[in-house]
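Enquirer: Would you mind keeping the following structure in view while I ask a few things?
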Amino acid sequence: MPVLNLNDPQAVERYEEFMRQSPYGQVTQDLGWAKVKNNWEPVDVYLEDDQGAIIAAMSMLLGDTPTDKKFAYASKGPVMDVTDVDLLDRLVDEAVKALDGRAYVLRFDPEVAYSDEFNTTLQDHGYVTRNRNVADAGMHATIQPRLNMVLDLTKFPDAKTTLDLYPSKTKSKIKRPFRDGVEVHSGNSATELDEFFKTYTTMAERHGITHRPIEYFQRMQAAFDADTMRIFVAEREGKLLSTGIALKYGRKIWYMYAGSMDGNTYYAPYAVQSEMIQWALDTNTDLYDLGGIESESTDDSLYVFKHVFVKDAPREYIGEIDKVLDPEVYAELVKD
């Protein structure tokens, strides 16, 4: 059974190389992600071709539930062309063997476009899909948002700077914080993390929402170097205003976390976005992912902000694909 032996350095290196070189690679499928989610149990499986080369892989994390069965989740996985459903079935079969009856479901949510045809094909292959059928519950009906604002930089082959991507009206918005004296620096040190965490917790308190502990982000720093993870910090006259965390992996840079201070931020979040996009341009990265939105509506503040930078329509993903392993527990725990 092709289950990755995490105690075999050569096997781990080969697996990681495949994950990082694959056009389907996702940072949440990297082995480092299990170090971030250190209260979950990692299980990693793969398929090889006749020459012994890895052709598909899935990194699962197993979490506890109120029952005696685990929840198995491959975030944004697997790493393969998921539209090849026969190959997907083979990989899922290996995953099910590796889970050995311990999980009630294997869930994965690849960044593949939704279509009625693909949705039906998955269901015909025995999978339960959660997408438009749960959309009325909003963006948090699924673990990952299904509607994402993604800037496709391959459409701008001659662009050298962020401003090259936009018409004059948008250029003016992006320039405004810099005209007002906002400056942005980036790195992956404890100093930048402390600055991020201050803005992150301030924003959470302002909106009355929970937030992750600093140890979570420290584990993220330990798992990913500055070529993969960068913290962007916007200041004006030495005063902290806004921050963001972005991760570069595979074909994209993903704007993952953000924070801002109370009061006048002089449009510093625009400056942070500008510099993150510049990082993508400087590294010839295909996509810049601003993450999820509630809806394509001016009533959604997330959409309004992200639409400044992404003029295309949101990408609608296929959503969650469940391989149900214990129907009774699944019916108890999964509510549509």
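Cβ coordinates are placed from backbone N, Cα and C, and glycine is handled just like the others.
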Enquirer: Looking at the substrate binding annotation from Swiss-Prot, with K37, N38, N39, W40, Y104, R212, Y216 already listed, which candidate in Y166, Y255, Y257 is the matching residue?
Expert: Y257
Enquirer: Counting other Cβ atoms within 10 Å, pick out the least crowded of the binding-site residues Y104, Y216.
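Expert: It is Y216 that, of the binding-site residues Y104, Y216, has the fewest other Cβ atoms within 10 Å.
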Enquirer: In which DSSP state, out of helix, strand and coil, do we find Y216 (substrate binding site)?
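Expert: SS state of Y216 (substrate binding site) = helix.
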Enquirer: Taking each of the binding-site residues W40, Y257 in turn and counting other Cβ atoms within 10 Å of its Cβ, which one has the fewest?
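Expert: Selected from the binding-site residues W40, Y257 on minimum Cβ neighbours within 10 Å: W40.
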Enquirer: I need the CA-to-CA distance for K37 (substrate binding site) versus E320 (site 'Important for catalytic activity'), whole Å please.
Expert: 20
Enquirer: For the binding-site residues K37, R212, which one has its C-beta crowded by the most other C-beta atoms within 10 angstroms?
Expert: K37
